[in-house]
Amino acid sequence: MSTDGLERAWSDGTDGASDSNGTSGSAAANPTDDPASDLDGEGLVLGYPTAEEPVVDGESIAVEAGAVTALVGPNGSGKSTLLKGLANQLTPEDGSVLLDGRDVHSMDTKALARKLGLLSQESTSPNGIAVEDLVYHGRYPHRGFFERTTEADARAVDRAIELAGCDHLRDREVGSLSGGQKQLAWIAMVLAQDTDVLLLDEPTTFLDLHHQMEVMEIIETLRDESEVTVVVVLHDIEQAARLADRVVALKDGEIRARGPPEEVVTEDLLADVFRVDAEVVATERGPRVTPIRARHEE
Amino acid sequence: MSGEGSTVGGGGSSIDGETARRRSTDRSPIGWLLDAKLVVVALSSLAVIVAAGLVQVSFGAYSMTVGQAWRAVLDPAVLLDPRWLLNFVVGEGLMRAVTGFQGELPQLTHETLIVWNIRLPRVLVGVLVGANLAVSGAIFQAVTRNELASPFILGVSSGAGLTILLTLVVFGSLSAFLPLIAALGGSIAFLIVYAIAWKNGTSPVRLVLAGVIVGTVFSSLQTALFFFADDIGVVQSAIAWTTGSLTGTDWEQVRLALPWSFVAVTLSIAGARQLNLLLLGEGTAKALGMSIERVRFALSGVAVLAAAASIAVAGIVGFVGLIVPHMVRNLVGTDYKRLIVGCLFVGPALMVAADVGARLGMSVIAGTDAQIPVGIVTGLVGGPYFLYLMRKQQHMGEI
């Protein structure tokens, strides 16, 4: 996997204003040397209109710039909700999300989408769309209403497809792919969006081992070779520990622990947050978790 | 890397395993238009339009041979005389203003006059109505993410129907403005549907439900109004309007619909990328920076404009807007750029062909000169086609 295109080109650096004159390629080398983007959620109260109680009730999270942060927790712990809040998909009832100091809710939607990409858990695609077409949709925020695709778009798409390792799928219809291949195609789409911040909602769930590793490797490459700030919701705590620079553990909408994996992923935390007795052994690939039994006491 | 530039022209249909390679992302400005399937669809639709159109201009109270009709359509006395052309297309007043011509227009043959004055405009109105309805339906199917959506799903038909009845039965003096009132009624009903569906934003399901609610109420009112019609002529006129008819359409209708059709079609082709993105689902579209409510409303507005333009000249023609996008989707795929262009050909083909049945069918079957509303024919064709689809396709509904 070549990585030449990665460097700073991953960040397009400009915002709102480039809409009108962005014809000549916003993603073209625009190596503004601003550091990786900061994403901060402050006092977030997040819920759904149908439910009375908020799922996340007043939590703050400062995502480390340029690093990989994993959100872990049991089902219903609010990790996906928190991610949706960070992505401005859910409007917080209280609190705010700041991207490089700007409130995401007040940002122009396209400007935000040029800085922050989100891969949702459930993605539907129409029949008959080719992978390459899907990936080109990732360029949407970089294009004006009547604008045609540019060289820069083509480059970003090629790069994203290459990075996601789905070059061989390029002309296949998304509907005909396996679950794992589909996920790679969708990841290529968010990569083509060319954002500073990438939020991924359970990108490895339901994938076979091979594709889980593929996805993890993509995220690692992003971290190692670019300044992208990644927040990823993971079901598998061992995977989280291995992949992430920071782990944030949630339970019942509360953040119970945060920090480097070695500090967060402990037997106590697994008992407290995941309600399992487990053995945690430190290895050179990070903590190894062996679940032993579910805890039934409360 | 295999991304060397873009394969120009959709002719690049090399077969890759089981999946036909179909790349709608040919990035050259018109490459996507050259898609083999789209070209076939366009050409065969054109053939249908020409054939049906020739039948329409040949037969009638004054019958002529196809050769005569053909010569009349291509009569150089009209085609090569901008005064006559303008006289037909934009009207005599405007023609005189544009050309400054004050004298008497040169004589035309009897055949040419009949074809150009009476029969050809009806075909042209059919073309416009078919294109508008097809495009409108295609847009609504993306907006509601439902294959079973039609131009009339968001209350447009019931709003138009109610105002048609109101005008004919209660405000008879306004019937000169019936086309505009009908279009306006449809648009107002659409706004009411939107207002009902709105609750911190809309969703496809809520829009469709609100459409059903408004449709039910308005249809009841419309039916109630029939009781107050004391004249059989009024009732027949109302039925013609609410089932859709091209009887008696003229150059005036062409002039009425043409500008709006042009605007609606241009906007819908420009909006094709937005429509494609809507198909990826609300979450994804939003994450990619689409202001989804604004786009959805704007696109619905374009679709209502197209539907209103066709209502104004032909009344409420059913089924065309429902089945044409379907047929085209089966033929050229889900990409909206191609879908819309395909609709621009298949819609007119269906409409013009159906109008042959509406205008001449009764004389073939019953030997009378009576014409039936074209909406009846489209319903008779559309129903079985839908049945066929239902049996053939496992999944119908969500796109």
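In case you wondered, yes, glycine gets a Cβ from its N, Cα and C as well.
Now, the feature entries from TrEMBL:
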- B:1-14: compositional bias 'Gly residues' (COMPBIAS)
- B:1-22: region 'Disordered' (REGION)
- B:30-55: transmembrane segment (TRANSMEM)
- B:152-171: transmembrane segment (TRANSMEM)
- B:177-196: transmembrane segment (TRANSMEM)
- B:208-229: transmembrane segment (TRANSMEM)
- B:297-324: transmembrane segment (TRANSMEM)
- B:336-358: transmembrane segment (TRANSMEM)
- B:370-390: transmembrane segment (TRANSMEM)
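The stretches the transmembrane segment (B:370-390) and the transmembrane segment (B:152-171) do not meet in space: the count of Cβ pairs below 8 angstroms, excluding pairs fewer than 6 apart in sequence, stays at fewer than three. Note: the stretches the transmembrane segment (B:152-171) and the transmembrane segment (B:30-55) are not in contact (fewer than 3 CB pairs below 8 A, sequence gap of 6 or more).
Only pairs six or more apart in sequence are counted, and the transmembrane segment (B:336-358) with the transmembrane segment (B:30-55) gives three or more Cβ pairs under 8 Å, enough to call it a contact. Sequence-remote contacts of a segment are chain residues at least 6 beyond its ends whose Cβ falls under 8 Å from one of its Cβ atoms, and for the transmembrane segment (B:208-229) they are 144, 146, 149, 153-155, 157-159, 161-162, 165-166, 168-170, 189, 192-194, 196-197, 235, 238, 242. The list of residues near the transmembrane segment (B:177-196) in space but at least 6 beyond its ends in sequence, with Cβ under 8 angstroms from a Cβ of it, reads 154-164, 166-168, 202, 207, 210-211, 213-214, 218, 241, 253, 256, 297, 300, 304, 307-309, 311-313, 315.
A Cβ distance under 8 Å defines the sequence-distant neighbours of the transmembrane segment (B:297-324), meaning residues of its chain 6+ beyond its ends; these are 125-126, 128-130, 132-140, 142-143, 148-152, 154, 156-157, 160-161, 164, 179-180, 182-184, 186-187, 190, 194, 240-246, 249, 253, 256-257, 260-261, 263-265, 267-268, 271, 274-275, 278, 343, 346-347, 350-351, 354, 373-375, 378-379, 381-383, 385-386.
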